[in-house]
Amino acid sequence: MKTPTDQRFDYVKIGLASPERIRQWGERTLPNGQVVGEVTKPETINYRTLKPEMDGLFCEKIFGPSKDWECWCGKYKRVRHRGIVCERCGVEVTESRVRRHRMGFIKLAAPVTHVWYLKGIPSYLSILLDMPLRDVEQIVYFNAYVVLDPGNAGNLSYKQLLSEDQWLEIEEEIYAEDSELVGIEVGIGAEAIQRLLQEINLEEEAERLRTEIVESKGQKRAKLIKRLRVIDNFIATGSQAEWMVLSVIPVIPPDLRPMVQLDGGRFATSDLNDLYRRVINRNNRLSRLQEILAPEIIVRNEKRMLQEAVDALIDNGRRGRTVVGANNRALKSLSDIIEGKQGRFRQNLLGKRVDYSGRSVIVVGPKLKIYQCGLPREMAIELFQPFVIHRLIKLGIVNNIKAAKKMIQRGDANVWHVLDEVITGHPVMLNRAPTLHRLGIQAFEPILVEGRAIQLHPLVCPAFNADFDGDQMAVHIPLSLEAQSEARLLMLACHNILSPATGRPIVAPSQDMVLGCYYLTAENPKAQKGGGRYFASMDDAIRAFDQGLVDLHASVWLRLPVGEKVKTNKPDEEVLETETLPDGSIWKYYRERKTREKDGEIISQYVRTTVGRIIYNKTILEALVV
């Protein structure tokens, strides 16, 4: 049967849920017509039988059976009883995996505010009520009264805050024999906030604000725009303002807050169970106090404690004292589970592990081409294993997959030859987190290398914002031919020379490369070894350096072809000295070069340089010619 979860979806939208919607999440009608879903007891499991308590946080009637196709009392076992509701325990016989998605709810004896909307930045409750956050907090946590209806009292105004003493004085005036005060209403706690929110007509308020914004300026205008934006968002999403005050709390499925038995008979439980237990205990106590008509001060204190328990459940530590468990460790609330790097979204939903991917430390690979990366053999054989197996079978080296896997495990020589064939022309994608722009993922042609580190060309580092101080990168293999061609045509590093954000080159030499270029071309008068020598070609000079006959920075003379023009840093046209040879030719000495001329024609020329500059020039020349 196709369930709604089988359907594909494009995005997840988080919004306010109405009390009716929360009840719908948790309320279910069993095949026998019984309606279940409300969690009324704080118990989890029975300490003797180790079975979930009925109507508790792990109730099988509400959330489904703990064991596949078995009811709580054990009357029905086996799959043939599918869909039957046990007459004794009321548990529906079904799969235990339903406990991963079936929810419950807690009906609160008094409404409470949602701490995200009260203490968030900005505080939507204070913006919507147009009251300072401190005043709203005083009302919610039973420190001050708020005027809901001033009646005919001239000294009272709508939404005015009153202390306990002020309200007692007004009460005495109201109940005096000669009192003319009528219609005065005050409130306290989340009930008062709920009443104020219900009295706001969002459409009318939005129109009034638009009119005021036109006439206002400065700080007041900015405040009005802020409030209008919040109201418009409420209207656009179809949410009611009073939904920010909760009268029903959802209980997440029990398998998402499990209780696990440890060695020695002890139990490890999710922190959420403790937080839910606090809410249920306080809620049940408040219900009993209301039933026996307890004094208002006691009821009010219990309502405040219920508000604090729900705050801790939703976001522990956001307001007031943090609820702690054993060893003074703060309990993880619903917000803690969702938010942050280790939260449900970033860790589990966005950060899923995928097949055909690997991860390793990056090191510099200066001998690579810009479109190449060094892939460790150990990683490559694992990532390309299906391709290698297919190729081994196709070549007739092995007959089946099992034999191919054994051959790979042995490290047979044939495997490495086949791997070389497979990776030729098969690009891989390298990604460095955080992927802040599209150049955070680029394609490269893999080159097999020894060791366990991925080699990266230094020129692509700025695009990845990578350095070699321990950074790690992920490797992904495009599988289909379409993905491979897309990676080759669009994502190959040599096609991503310019930054898509600025249009400027993002591939530019930096750090080690600039230092290396400087070192090669620098002059050092102290480098005397081999200084003043003559070399017929660049290769001769480099060979002499390799043999240790000349220093890298020693000043030497290099013979150049006659037609080649020599450019120097400073003007070098002035002849410093001339020398006439017996054959009639003339040596002309300049600052950085010298030429031999006969009959007005140059027959040979030399330039003063260093071996480092020769190496630099030769490298650049070869790169340009190729």
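Cβ from N, Cα, C; glycine included.
Look at Swiss-Prot and you will find Cys71, Cys73, Cys86, Cys89 tagged as Zn(2+) binding site, backed by sequence analysis. Residues near Cys73 (Zn(2+) binding site) in space but far in sequence (CB under 8 A, at least 6 apart, same chain), listed by position: Cys86, Arg88, Cys89, Val91.
Under the three-state DSSP scheme, Asp469 (Mg(2+) binding site) falls in the coil class. Summarising the annotation, Swiss-Prot assigns Mg(2+) binding site to Asp467, Asp469, Asp471.
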Output, ordered by sequence, the same-chain residues six or more apart from Cys71 (Zn(2+) binding site) with a CB under 8 Å from its CB, or 'none'.
Glu60, Pro65, Lys77, Cys86, Arg88, Cys89, Val91, Glu92, Val93
Let me know how many other Cβ atoms fall within 10 Å of the Cβ of Cys89 (Zn(2+) binding site).
17
Which residues, same chain and not among Asp467, Asp469, Asp471, have a CB within 8 angstroms of the centroid of the CB atoms at the recorded Mg(2+) site?
Ile362, Ala466, Phe468, Gly470
Which residue among the binding-site residues Asp467, Asp469, Asp471 has the fewest other Cβ atoms within 10 Å of its Cβ, if you could check?
Asp469
Within 10 Å of the Cβ of Cys86 (Zn(2+) binding site), how many other Cβ atoms can you find? Include all protein chains, please.
21
